[in-house]
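Asks: Let me begin by handing over the structure; questions about it come next.
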Amino acid sequence: MKKCIINFRKNFFGGNIVSDKSESLTKLEEDEKYNRLTALKLFAMTSSMVISVNELAPFGKTGPTAVFYLLLAGLIWFVPITQMAREMASVDGWDKGGIFTWVKGSLGDRAGWTEMFYQWIHITVGMNTMMYVIIGALSITFNTPWFNTTPSIRFLLMMVIIWSITIVEMVGVKKIGHIAEWLFALGIALPVILLIVTFFIYLIQGRPLYMHLNWDNIIPHHLTGTTLVAFVPFVLAFCGGEASAPHAKYLENPKKYSTVMLALAITAISFDLLGSTAIGMSVPKDQIQNSTGFVYTFGKILDSIGLPGDLIKKFIGVLLAAGIIGELGNWLAGPSQGMFEAAKEGYMPKFFAKSTNRDVPMRLIVLQTLIVTASAVLITFTSGRNSDFAFNVSLAATTAQYLMVYILMLISYIVLKIKHGNLKRSYYMTKNKALGITIAIIALVITVVAFFISFIPAQGTPTYLRGVYVWTMIGLCMIVTILPLVIYHYHRHF
């Protein structure tokens, strides 16, 4: 019994300071061999971080303009971002640490650390959004709406989910990748594909459509605050493609990373476009709920085409919950690997530069889970019984914080093209310097505009909660902005 406890403590809290010069090359090679990934596994891990059903219901509620927003965000913003990530990851010496290494190489130590912190911390709020969808799906599956409307129950379920996933992270990157591969296939890809297939059957049978697409209503004709606010979540839908970059070092063939990013861009745009259109066309706008909309739509379509929707949607709810649990696991593992590289270089106390026997930075993962817990308390209990408000503020805060990541990433890419053209790399988004800089500037403008818009309360936010929305957003962003600078100022004392 005592031996088991000692082994658990060693695996959970870590006992290896891999930055120690006495660390043998053999040990590092063993870690990399144990965590070896195929391109398919990395694609599954990355896809589950980007492709999510969280946003499909809000997109469907947006109406016909969702098609325009998705194509705009996907083609003008997301595709260039993935190609820039491909180029920066291919630079000699930039293959480890992901976005931390890229920004550090272009803008210096302070910017690199700040960037890594932004990426690592933003998902602490984003995980709440994912857990709200899991709980919403389970509330339909088990016919327990109070799961989703009682703050204390909702919070308790969130804690069970996040801490269970934290413990599972001990198994290492390779096994997490294997789990992600299956959970992505069964819990995200399969439900979305089934939704699209059943929707086409719905169309063929001539069922009523609640949204019609034509050139007059796809493109917004008036640029208003409501129009701009509606666009922001579409940018978030494509965030995260670069977050798995720290795992590229485990690829059997590192050059396959660029192929993974291309496949990701095509798959993400297709899934979001078809999935959100299916929801918007088959369910009246006033019946779409953000946290339960996907499962509800499934049941409604199945009932309409003559299948037992009430029964099958419960099964889909379980699959969906499993898929998002896999997504949560990847978000805990991915940015923490990049943060681990920063910790080994002295940007955090040595306590966090330790890993388990399987090279898992459990101390950083536990720290992140503690921060998720704190943000869950703030958002869940300030929203009361209004589950949609909790979802919306969590989604907006995640968007704002992640856009801070992309602002620095895009600036670093521009600097890379201007000042570091001599750095050897195996891939170029474009070898035309002027074109590359222009594309990056366009993406940067979109990012900055979307950041400021995210502070405007979403349409439908109750009047009495609008102030809570704005101040919660401001408070979270101020903390996230200042904290890494304070840590950097004192990091030499660690």
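The backbone N, Cα and C atoms fix where each Cβ goes, and this holds for glycine too.
Dumping what TrEMBL says about this protein:
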type	residues	note
TRANSMEM	42-60	transmembrane segment
TRANSMEM	66-85	transmembrane segment
TRANSMEM	120-140	transmembrane segment
TRANSMEM	152-171	transmembrane segment
TRANSMEM	183-204	transmembrane segment
TRANSMEM	219-239	transmembrane segment
TRANSMEM	260-281	transmembrane segment
TRANSMEM	315-334	transmembrane segment
TRANSMEM	364-383	transmembrane segment
TRANSMEM	389-416	transmembrane segment
TRANSMEM	437-456	transmembrane segment
TRANSMEM	468-490	transmembrane segment
Asks: Compare 66-85, 260-281, 315-334, 468-490 by their Cβ pairs under 8 Å to the transmembrane segment (183-204) and return the stretch that comes out on top.
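Replies: Comparing 66-85, 260-281, 315-334, 468-490 against the transmembrane segment (183-204), the winner is 315-334.
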Asks: So, does the transmembrane segment (66-85) come close enough to the transmembrane segment (364-383) to give 3+ Cβ pairs below 8 Å, pairs being at least 6 apart in sequence?
Replies: no
Asks: If you count Cβ pairs under 8 Å, which stretch among 42-60, 66-85, 152-171, 219-239, 389-416 touches the transmembrane segment (120-140) the most?
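Replies: If we count Cβ pairs closer than 8 Å to the transmembrane segment (120-140), 389-416 scores highest.
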Asks: For the transmembrane segment (219-239), what are the same-chain contacts with Cβ under 8 Å, counting residues 6+ beyond its ends?
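Replies: Apart from its flanks, the transmembrane segment (219-239) reaches 50, 52, 55, 58-59, 62, 65-66, 68-70, 72-74, 77-78, 81, 268-269, 272, 395-396, 398-399, 402-403, 406, 446-447, 449-450, 453-454, 456-459.
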Asks: Per the definition of 3+ C-beta pairs under 8 A with sequence separation of 6 or more, do the transmembrane segment (315-334) and the transmembrane segment (42-60) touch?
Replies: yes
Asks: Would you call the transmembrane segment (42-60) and the transmembrane segment (260-281) in contact, using three or more Cβ pairs under 8 Å, pairs 6 or more apart in sequence?
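Replies: Stretch pair touches.
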Asks: Which sequence-distant residues neighbour the transmembrane segment (389-416)? Criterion: at least 6 residues beyond either end, Cβ under 8 Å.
Replies: 54-55, 58, 81, 84, 87-88, 91, 99, 102-103, 105-107, 111, 114-115, 118-119, 121-123, 125-126, 128-129, 132-133, 154, 232-233, 235-236, 239-240, 242, 290-291, 379-380, 383, 423, 436-437, 440-441, 443-444, 447-448, 450-451, 454-455, 457-458, 461-462, 465, 468-469, 472-473, 476-477, 480-481
